[in-house]
């Protein structure tokens, strides 16, 4: 079976305050949307659709370089979901999860329970049994009570067999509160799986503090360091952090000798306790002769994600007298961010000298140091 997830991120989120839609606000060092997307970086999920508001131009540009499938938001939530479903047409999807971007604390256990329930039912969703007394009210006064037995607070992801929910949305007149209501209108059976009190939906400003507490209590943070050095040799340019920089000499190495990218790659491997580039790409193997270092970095990033981690930020320092790094630093930052699928503000590239001491001070080569921070929610 082929499973997809649709992350609905086209809302404006005005009740949460902050001046920007809540999915783009910071939360525990990252954006809400970043946390939510990472929750669905699971082996069982082969495709992820991110539904974006048409006016979120920066987000469209940022995610266009990632493996995500992008879809435009509709005039309401149902329209956004339909656009997300349409983006999966022809991909052979059998199961689909539909999730609100404003639920960044959803657990892998909840996602797995929904997927498992779809083996026996055309629909499944997490729900929390209502335990509080329920009132009705008007003008600040209690006007009555309601029986709470059999009542559940709905959560996401709400999962469905793909063809069934596509047909249900096509037939629905609109105005549904969620996708379970759409499914029920089409007479689909929807199983209730246990919800999670921590799977809150960020709606109001105070919800950010609670979500941050939840994320930080289980967060696994790893740090890795990388160091590399290459000597100068004949040439007319060097490649640093993926950017070709004119110089009167080149750097010598088995691959393209990108000392900065090598240090960052080793920092990622180090955080995972996976050795260094040489373990994964032995210099004794001729197939890596002259290879682009992007290959190594992508491998490290893929390994990070396969282990359930996300790259929080990267810091790389280049040590050399020449060439001058400053004029190229922003371009290097953007290129590294592109390769790793990060926003540029999470990648730092800077330079220093050794005050003319040592081999870098004698302009015999370039050294690079890097630190990588990984997080697992």
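Any Cβ shown, glycine's included, is placed from N, Cα and C.
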According to Swiss-Prot, which candidate in 172, 254, 262, 280 joins 228, 230 at the divalent metal cation site | 262
Report the largest Cα to Cα distance, in Å and rounded to a whole number, among the residues 228, 229, 230, 254, 255, 276, 277, 278, 352, 353, 354, 355, 359, 362 that the record lists as binding 4-CDP-2-C-methyl-D-erythritol 2-phosphate.
-> 30
Cβ contacts within 10 Å for residue 262 (divalent metal cation binding site), all chains included, total 25
Name the residues of the same chain, 6+ apart in sequence, whose Cβ is under 8 Å from the Cβ of residue 230 (divalent metal cation binding site)?
-> 251, 252, 253, 257, 259, 365, 366
So of all those recorded positions, 22, 148, 201, 228, 262, which one's Cα sits nearest to residue 359 (4-CDP-2-C-methyl-D-erythritol 2-phosphate binding site)?
-> 228
By Cα-Cα distance, the member of recorded positions 22, 148, 201, 228, 262 nearest residue 255 (4-CDP-2-C-methyl-D-erythritol 2-phosphate binding site) | 262
